[in-house]
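Before any comments, here is the structure.
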C-alpha cells in the first residue's frame, strides 16, 4: 500500500458576481460618499467630488474592496495607455512621412502631424525635407519603429488596430474583475506568487519574446536598411519567420537551427548575439545585435528569478522569512513586521514602487543620450533633448509621489502600538537627528555651491578674470568624475576584455561617431563649470529630500502638534486658538517638495541642454573639424550666474522669441501662454482665502440685486484647494514654458 500525502485543496481565490453592474450610479455624482451624493449646496462640492473620487480609503475601510477597486482601475489605466499608443501608431500610418524618413533619415525630419489650413495656421507646416510639410515631432517613435523592423504604413495601421483591440480587452477585464470574478484579499496578498508571475511572465517572457522578435525580424530588416536596400524590396516580417533560408543568407549559423544551442556550441550564435559596445557607425545607435543579446540575457535572469519564491510546492524563498532574517547588530528588530505593513498598506507598497520607478526613469533619461538605443536617434537633437527632459520630469514627479504616499501610509495605515524597535520605529525615534543633520547639509551645500558662483560673478564684474574659478584661472577639476570616466574608458582592455569598445563614447578614449555630417556622440569633457553646477544639483536634491522626508517623519506627530495623526493627511491649520500651526500637514510638505523638485529638474535639464549644444552636438566637415552649436562656450560662460542668464537663457531664447511668422510660431505662442499660466498660479499662491471670500460675497450681493443668484452658494477655495490649484499651474506653466523654449531653439539650430 502506498501512503500519499493528501492532495492540497485548491483555494478558491475569486468571488463570483460580487457587485451587480448598473449604470444608475453614473447618474449620481458622488455615489461613493454619503455627503457628496446629496448634491451641491455650495461650490465646494465639485472640489470635494474630484478630491475624493479616487480616494478609495475614504469610501470604505474594507481592504479587500479597496484592493479590488485599485485592481480594476489599473485595467482602465492600461486601456487608456493602449488607446494613446494606438493613436500614435495611427498618426504614423495616416499623417506621417515615415516611409520617406526611412529612405533618408539624415536629411528628412520626422513629422506625423499636418495642420489644417484654417485661419492661416498652415504656416505651422514647416518643410521637414523630402518635399513633406508638417510639424516636426520629437517623440522618437520613428526611430523605435525602424529599430523594430517596421517598413511601411500598413504595418503601422495593423499595430494601431491591434492596440485598439487590446484597449477594449483591458476595459472588459476591468469590468470583469470587479463585477463578475473579483479576486479575494488573499490573492492580492500572495506576494510570492505575484513575484513569480511578474518576474518570469512580464519581465522574463516579455524580454524573451522581444529578443526573439529582434533576432528574427528586426536584425535582418535593419541589416537590409543599413545596406541601403529600398524598404519595398525587403522581405516582409513573416517571411523571415517562416523561411529560415532567408535568415541563413544573412547569418549563416541560422542554417544549423537549434543544434548549437543544445550541443552548448553557443559561440556559433555570435553573428547576431554580439558583445561589441560602442555605437554602430552607420546609424549612430547601439548595435542592434548587442541589444538582442542583452534582452536574451535579461530574459534568462528573470526566468530564473521567477522560480525563486515558495508557492504551492514548498520549495524556494518566502518573503516574510527573508525580511525577518534581515537584521544587523545595530538595527534592533530589523525588518520584522515590514511584511505585514507591505501586504496591508497599499500606500506603503506604492511609495516604494514610486521611489524605485522614479529613480529608474531618471537613469533611463541619462542612458538615452549616452547609449542611444535606436537608429538615427543620436543625430536627432530635438528628440534627444525631448527624451531627456521628459524622463527627468517624470522621474521627479514619481519621487515626490513616493514621499506623498509614504506620508499617507504614516497617517492612515501605520499602527504605532504594534511596532517596536524595528527599523521604521528606530528611524522615527531619531528623526530629529536625521532632519537636523540633513538641514545642516542643505545649508552647507547652498552657501558653498551658490557662493562659488557669486565669487565668480563678483570677480567677473570687477574685471579680475584671473581670480575666478574656471578652467583657465583657479581650477576646480572634478577629479573623481574624471577618474570614473577613465576607468570606464579603459574597461575593454582591463575589466571587460570581451568588449571591443567601452559601454558609452561619453567616457572618453574613443573617437567620435558622426552620421551624415552630424555628431552622434563623442567623449564628454568635464571641467570646473561642471564641478560648480554639480554642486547646485547636490544642493537642490538635498533640499527636496529634506522637505519630503520631514513631511514623512513628522506626518503623525511633532512637538508643535503632537496629535497630528488625528488631523489627517491634509489640513490647513490646527484649529482656532493655535497660531502658527498652518501649513504643517503632510500634504503641505508634498506641496513644498514639488517646488523644489521643479528647481532640481530645471537646473538638470538646463545643464544638459547647454552642455550638449556646447561640447557634443554639432556638424563635422570633410576634414574632420567639429563645429559645435554654441562653439564650446559652456566651460567659460556657465561659471557665473550672469553667464547662465546671458549666454544660455537670453541667447538661446532668441529662436522662440523671434518665431512669429515662421513655422515655429506655435512655440512662440506657447511660450507666451505658458508664462501666463505660470503667472496665474501666483494669484493662488500669494493671496489668502479670506480675500476671495469677501470678494465673492460682494459679487453674490450684486447677483441678488439683479435676481440672478444661483441656487448653489459660491464659496472661495479652501486653503488646501487654493494651494493645489496654485502648484498645478506653477508646474504646468513652468514645464510648458521650458518645452517651448527648448524645442524652438533646437529645431531651429539642430
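For all residues, glycine too, the Cβ spot is worked out from N, Cα and C.
Feature annotation from Swiss-Prot assigns transmembrane segment to 70-93, 156-179, 195-219, 291-309, 346-369, 385-411, 433-455, 531-549, 589-610, 664-686, 724-744; the stated evidence is sequence analysis. Sequence annotations record features per position, and here Swiss-Prot assigns [4Fe-4S] cluster binding site to 573, 582 based on sequence analysis. Taken from Swiss-Prot, the feature chlorophyll a' binding site applies to 675, supported by sequence analysis. The feature chlorophyll a binding site is assigned by Swiss-Prot to 683, 691, with sequence analysis given as support. What Swiss-Prot lists as phylloquinone binding site is 692, and the listing cites sequence analysis.
Where Swiss-Prot records a feature, it is marked here on the structure.
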{"residue": "573", "record": "[4Fe-4S] cluster binding site", "Cβ contacts under 8 Å, 6 or more apart": "581, 582, 583, 719"}
{"residue": "675", "record": "chlorophyll a' binding site", "Cβ contacts under 8 Å, 6 or more apart": "733, 737"}
{"residue": "683", "record": "chlorophyll a binding site", "Cβ contacts under 8 Å, 6 or more apart": "726"}
{"residue": "691", "record": "chlorophyll a binding site", "Cβ contacts under 8 Å, 6 or more apart": "none"}
{"residue": "692", "record": "phylloquinone binding site", "Cβ contacts under 8 Å, 6 or more apart": "716, 717, 722"}
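In summary, the transmembrane segment (724-744) does not lie against the transmembrane segment (291-309): fewer than three C-beta pairs, each 6 or more positions apart in sequence, are under 8 Å. Long-range contacts of the transmembrane segment (346-369) within the same chain: residues 66-67, 70, 377-378, 384, 387-388, 390-392, 394-399, 401-403, 405-406, 408-409, 412-413, 521, 608, 612, each at least 6 residues beyond the stretch ends and with a Cβ under 8 Å from a Cβ of the stretch.
DSSP assigns residue 573 ([4Fe-4S] cluster binding site) to coil, not to a helix or a strand. Within its own chain, the transmembrane segment (664-686) has Cβ neighbours under 8 Å at 123-124, 126, 135, 655-658, 717, 722-723, 725-730, 732-737, 739-741, 743-744, 747-748, counting only residues six or more beyond its boundaries. The DSSP secondary structure for residue 582 ([4Fe-4S] cluster binding site) is coil. Note: the stretches the transmembrane segment (195-219) and the transmembrane segment (291-309) are in contact (3+ CB pairs below 8 A, sequence gap of 6 or more).
Of the two recorded stretches, the transmembrane segment (385-411) does not lie close to the transmembrane segment (70-93), with fewer than three CB pairs under 8 Å once pairs fewer than 6 apart in sequence are set aside.
All protein chains considered, the CB of residue 582 ([4Fe-4S] cluster binding site) has 13 other CB atoms within 10 Å.
Long-range neighbours of the transmembrane segment (291-309) within the same chain, counting only residues 6 or more positions beyond its ends whose Cβ lies under 8 Å from a Cβ of the stretch, are 147, 191-193, 195-201, 203-208, 210-211, 214-215, 218-219, 272-275, 316-319, 373.
Between the transmembrane segment (433-455) and the stretches 70-93, 531-549, 589-610, Cβ pairs under 8 Å are most numerous for 531-549.
Panel annotation: around the transmembrane segment (531-549), residues 399-400, 403, 434-435, 438-439, 441-442, 445-446, 448-450, 452-453, 456, 469, 476-478, 481, 589-590, 592-593, 596-597, 599-600, 603-604, 607, 638-639 of the same chain, lying at least six beyond its termini, place a Cβ under 8 Å from a Cβ of the stretch.
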